[in-house]
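Asks: Sharing a structure, written as structure tokens. Questions coming.
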Amino acid sequence: MTDRTDTATANGETGAPLWLLAELTYRCPLQCSYCSNPLDFAAVKQELTTAEWIDVLTQARAMGAVQLGFSGGEPLVRKDLETLVAEARRLGFYTNLITSALGLDEARIHALRDAGLDHIQISLQASDPDVAAAVAGSAKAHAKKLAMARAVKDAGYPMVLNVVLHRHNIDQLDTIIALCDDLGADAVELANCQIYGWAHLNRAGLLPSQAQLEAAEATTQRWRQRLAERGRDMRLLFVVPDYYADRPKACMGGWGSIFMTVAPDGAVLPCHSARMLPMDFPNARERPLQEIWYDSAAFNRYRGDDWMQEPCRSCDERHKDVGGCRCQAYMLTGDPAATDPVCDLSPDHHLIEAARREAADDGRSAQALTLRNTRESQVFCRT
Ligand code: SF4
Ligand code: FES
């Protein structure tokens, strides 16, 4: 994330979208209980075709986008991934594949490398195969991920692993980092579960306690020292969950500031969660990206600071954190223009404090997790 003050929008001008997240599909062989896809993802039909995606990439690059993430769902489900990677390379993007590794094999790794893919990030659920299976809804995925992580490294890519931490695996962080070390990882993102999408539905069963979080930070620090003593270059990035911060993040660097997501059906969003908000988003099938980015009501809705309410409106920090995350404000208060309740100046901060208190209850670990599924019709409801 970029500090809001670094962006052109802080001066009232809209800069170019530097990051494009191409959510190629919501389809996925896994069922992670913290998936950030919308709860009603199965209702999204008619994915963009190969030609439509190439048009999206071409338009975004012409607008100035330089970083391109291919994600999903599981982007490897798309048989045209290699074609899209090659086109992105030709256009001059720096490309990153964000994948579970399900659908990957050595032939495909080489095909993606030949197409010009710059970077692959593989997600791991846990070090313990049973925990991994319970969280992702697949008993076979864990071994496959480990094999593919090694194959990615053998193909000459830096091995970047992403582990989503939550109350069911955070106490095993020592063995998780040891596994990453054993695999030869170059970098590990220890990403505490952020509470969006399916993770919001499962918040009670996922949010770790403060004590768990502090122990995990200490474990990470011990590993950093141990790795440095061994001269082992494996970067550990520990991402603190919003629910344990006192100030919110400048989400996406600011609404419509540097980040643009295109969803599988062509919906154009300021972030991957925004389609749950009570507003309409334009579609790349119907309008040029340039027009959507600069002129649409959706992208202009939370730019600048005119939309802010108190306490943000008169706060000295409003250009630093832009009042936090619109999606989080909506999920917690029902008002997307509210101050993000993560902020301890927010009148709704008690909601965060209550969630922390609930997470301190050990009994919460027995809470059943709802796996991402297509069978239940899940509707967002205010907590
Ligand atoms: Fe940021 Fe608003 Fe909190 Fe001020 S009141 S620190 S602008 S979220
Ligand atoms: Fe949507 Fe933060 S995730 S604005």
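Backbone N, Cα and C define each Cβ position, glycine as well.
What TrEMBL says about a protein is an automatic prediction, not a curated fact.
TrEMBL feature annotations, pasted as is:
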- Cys28, Cys32, Cys35: [4Fe-4S] cluster binding site (BINDING)
- 14-233: domain 'Radical SAM core' (DOMAIN)
Asks: Pop the mean pLDDT for the domain 'Radical SAM core' (14-233) in here, whole number is fine.
Replies: 93
Asks: As a test of the contact definition, list every same-chain residue at least 6 positions from Cys32 ([4Fe-4S] cluster binding site) whose Cβ is closer than 8 Å to its Cβ.
Replies: Gln125, Val135, Ala136, Gly137, Val164, Trp198, Leu371, Arg372
Asks: These are the binding-site residues: Cys28, Cys35. Which one scores highest on other Cβ atoms within 10 Å?
Replies: Cys35
Asks: For Cys35 ([4Fe-4S] cluster binding site), what is the secondary structure state per DSSP, taken as helix, strand or coil?
Replies: coil
Asks: State the three-class DSSP label for Cys28 ([4Fe-4S] cluster binding site), counting H, G and I as helix, E and B as strand, and everything else as coil.
Replies: coil
Asks: Within 8 Å of the centroid of the Cβ atoms of Cys28, Cys32, Cys35, which other residues of that chain place their own Cβ, given that this set defines the recorded [4Fe-4S] cluster site?
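Replies: Neighbours found: Leu30, Gln31, Tyr34, Asn37, Gly73, Glu74, Ser100, Ala136, Trp198, Arg372.
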